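J.: Not my notes, these are from Swiss-Prot:
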BINDING   ASP10, ASP346, HIS347  Mn(2+) 1 binding site
BINDING   ASP305, HIS310, HIS358  Mn(2+) 2 binding site
Amino acid sequence: MARALLIVLDSVGIGGAPDADRYGDAGSDTVGHIAEACAAGRGDRPGLRAGPLRMPNLTALGLGLACEGATGRVPPGLAPDGPVRALWGHAVETAAGKDTPSGHWEIAGVPVREAWGHFPDTQPAFPAELTAALIERAGLPGILGDCHASGTAIIEALGAEHVRTGKPICYTSADSVFQIAAHEEAFGLERLYETCRIAREVCDPYRVGRVIARPFLGSAAEGFRRTSHRKDFSVAPPAGTLLDGLEAAGRAVVSVGKIGDIFAHRATGREIKPAGNAACLDAALDAFAGLPEGGFVFLNLVDFDTEHGHRRDVPGYAAELEAFDARLPEIQAVLKPGDLCVITADHGNDPTWTGTEHTREQVPVLAFGPGLTPRALGRRESFADMGASVAAHLGLPPLGAGQAW
């Protein structure tokens, strides 16, 4: 019986989706623009990296050709040198969102058919009755923010007032999110989580996809900094996912990174949530090495998105891509005959783009394992094709959406 490892490189899009113009994202291209910036010397940072984008292992798996399929061009430095060693293609999202739950749920076989609720880019951004209910139920002295904002910018602007008043910082973005930032010591980490649990209930009637706890530390004098104790409070998928199918079949499942949060901890098996891409990949490889036949490891690597995409940090994003690429031999080494590894993304977050939000993009589809014959997969009309293919590989019944390759 086979095993499978599904790796989501959070926000590593490869070119604007066919409907990107509806989102103001026509022309966005996370990987392509990073490669172009690095080739032009705009990806250099002393002590971090310099020169063209170097991803020899992903290039050998067909990443550059997947980019070409999505945009019509191979990004600088990503043309394969020799035969491609994987199945390669690109996928288009059918869900209306460009957010984390929409992308992951569709990958797992459940496209979001109804639109998420969003808050307007006004101040206040939140309905008065929502704010009043949260303040009353959580016993808060009030809230700060109540607007669209960059998470790092708003804690710098309001962190000192938050510590002084005890009012948490509440903000949103173009995604369907209600985010609450609070100081781990002055406000308390567990109190922040409990406030978010209440906010989750308060936000449900508004079809908000995620409530996110954004803890931070520091002071006005030394500056404030986010910690690794972020926690997402998501709604559950509206139908059975690949994970539910695995649970029903009695298969071993390991969820690494924020996968458990994304799927509201339903059918997510053993959850491991280290801090940072490197530690998450370590945990996934360790879990996969001991995984029984028929098992599944689902990994999200979020630092591309949170540390570099939203911060429009080209050198940091490039270095993160190169660091992952350097570890591909470790991934290949843990695969046994019959195993499948799929590498993809959930949306884009072009660090050369305007603003600080996600970008509506196509995503790479790279699949490999001992004994798999490399070939072009072309354009996949739904992210759900990946979940369908993993289900077929593991001998599960077909999912509700997607076509296996």
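Note that Cβ sites are derived from N, Cα and C of the backbone, with glycine treated the same way.
What's the neighbourhood like for each of these?
T.: In the structure as shown, the Cβ atom of HIS347 (Mn(2+) 1 binding site) sits within 10 Å of 31 other Cβ atoms.
Within 10 Å of the C-beta atom of HIS358 (Mn(2+) 2 binding site) sit 30 other C-beta atoms, taking all shown protein chains into account. Mapped onto three states, the DSSP output places HIS358 (Mn(2+) 2 binding site) in coil.
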J.: Using other CB atoms within 10 angstroms as the count, which residue among the binding-site residues ASP10, ASP346 scores least?
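T.: Fewest other Cβ atoms within 10 Å, among the binding-site residues ASP10, ASP346, is found for ASP10.
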J.: Between the Cα atoms of HIS310 (Mn(2+) 2 binding site) and ASP10 (Mn(2+) 1 binding site), what distance do you get, rounded to the nearest Å?
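T.: Cα-Cα distance, HIS310 (Mn(2+) 2 binding site) to ASP10 (Mn(2+) 1 binding site): 11 Å.
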J.: Tell me which residues of the chain lie with their Cβ under 8 angstroms from that of ASP305 (Mn(2+) 2 binding site), as long as they are six or more apart in sequence?
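T.: Within the chain, ASP305 (Mn(2+) 2 binding site) has Cβ neighbours under 8 Å at ASP10, SER11, THR100, ASN349, HIS358.
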J.: Counting across all protein chains present, how many other Cβ atoms fall within 10 Å of the Cβ of HIS310 (Mn(2+) 2 binding site)?
T.: 19
